[in-house]
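Notes to accompany the following structure.
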Amino acid sequence: NLMQFETLIMKVAGRSGVWYYGSYGCFCGAGGQGRPQDASDRCCFVHDCCYGKVNGCDPKKDFYTYSEENGAIVCGGDDPCKKEICECDKDAAICFRDNKDTYDNKYWFFPAKNCQEESEPC
């Protein structure tokens, strides 16, 4: 669920997902349209696409199971749908970590009017 996603971002990227990515670019936060503005925004685009492929559970509300092994997040549990959600969240958190140096404050609270281009397909 979204609180677990926040926790994973804190653990993996070392920063608050809500603060840094809650309203960033064209895809971080609620909704998403247009073109990703930078690598961090692309992390959110890919995460949105990942959630869009999940069937049979609710990525924003359902709890999943994960553990930490040697500093890595390992998604677990018996429910394959919830495990998919975990993998989406884990991959996004890793993406945020790997692209921290591209984060640009000019995309924080980026106006939606700047996100009118046609979206690329997932």
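Yeah, the Cβs are placed from backbone N, Cα and C, and that goes for glycine too.
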Inquiry  = According to Swiss-Prot, the disulfide involving Cys122 connects it to which residue among Cys43, Cys44, Cys49, Cys50?
reply    = Cys49
Query = Where Swiss-Prot shows Phe27, Gly29, Gly31 binding Ca(2+), which of Asp48, Asp58 is named for the same site?
reply = Asp48
Ask   = Cys50 has a disulfide partner in Swiss-Prot; which of Cys88, Cys95, Cys115 is it?
value = Cys88
Query = Of the candidates Cys44, Cys57, Cys115, which does Swiss-Prot name as forming a disulfide with Cys81?
reply = Cys57
Key: Between Cys86 (disulfide bond) and His47 (active site), the C-alpha gap once rounded to whole angstrom   = 11
Request  = Tell me the Cβ contacts of Cys28 (disulfide bond) under 8 Å, same chain only and six or more apart in sequence, or just say none.
outcome  = Tyr21, Gly22, Ser40, Asp41, Cys43, Cys44
Request  = Please tell me which one of the recorded positions listed here (Gly29, Gly31, His47) sits closest to Cys88 (disulfide bond), measuring Cα to Cα?
outcome  = His47
Inquiry  = Among the disulfide-bonded residues Cys43, Cys49, Cys122, which residue has the fewest other Cβ atoms within 10 Å of its own Cβ?
reply    = Cys122
